[in-house]
Amino acid sequence: MLAKRIIPCLDVTNGRVVKGVNFVELKDAGDPVEIARGYNEAGADELTFLDITASSDNRDLILHIVEAVASEVFIPLTVGGGVRAVADVQRLLNAGADKVSINTSAVTNPQLVKDAADRYGSQCIVVAIDAKRVGDHWEVFTHGGRTATGLDAVEWAKKMESLGAGELLLTSMDRDGTKTGFDLELTRAISDAVDVPIVASGGVGTLQHMVDGVREGRADAVLAASIFHFGEYRVDEAKAYMKRHGIEVRL
């Protein structure tokens, strides 16, 4: 069995790491390079950086941050936010990203996922899916969770896999920042529908929630922000807890 990964997520805006609840109410969590260094030392398997207010004016800022982090941190970095063209993927990879996450542009231009995967390989293309429960299914939202698309999240996941996404970063908007646990039904539905790895995101409040994400949600990796940024738990504690519960992790 492949080791399950623990991935701290750093939401970056204006050069700072922030954390919100349900995609709003952001509070400052610190300097990205310092935080990344700390996670590297604590044994994180990977780091995910999301430029959550990515626009043309701070696009270069995230490149500088990626370069600074990549020069100090030697675990895989996934970077997303504002990726609109294959050239953006190239720039992030050149800056030191190992994987590039595409979210809004995957919806507005699905061909981008295929073109990027064809050029750089599926292993470095992640599609981020922000999903919200609507009636009896989950709908995909874009633009940092502000825009409804009408797309069914499970069908969308299958389409993204078929276009070449090598991993899916799945966030439950209903659970984001609430610390009530992953939306396990959503995670499981998408895990069962595709063969590529699923990173579960949105809602971790306890270490048991991470175990549940893997066990019940069938996630390949669990992503968390608040519980790590504000010192409630350390990455090594999370790994030890998962190991005690029979989940294979890299210690």
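Using the three backbone atoms N, Cα and C, a Cβ is placed for every residue, glycine included.
Positions annotated as active site by Swiss-Prot, on the basis of sequence analysis: Asp11 (among others).
The active site annotation in Swiss-Prot covers Asp130 (among others) and rests on sequence analysis. Secondary structure at Asp130 (active site), as computed by DSSP, is strand.
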Inter-residue Cα distance where the pair is Asp130 (active site) and Asp11 (active site), in Å: 14
Among all the protein chains here, how many other CB atoms are within 10 A of the CB of Asp130 (active site)? 27
Simplified DSSP label at Asp11 (active site) comes out strand
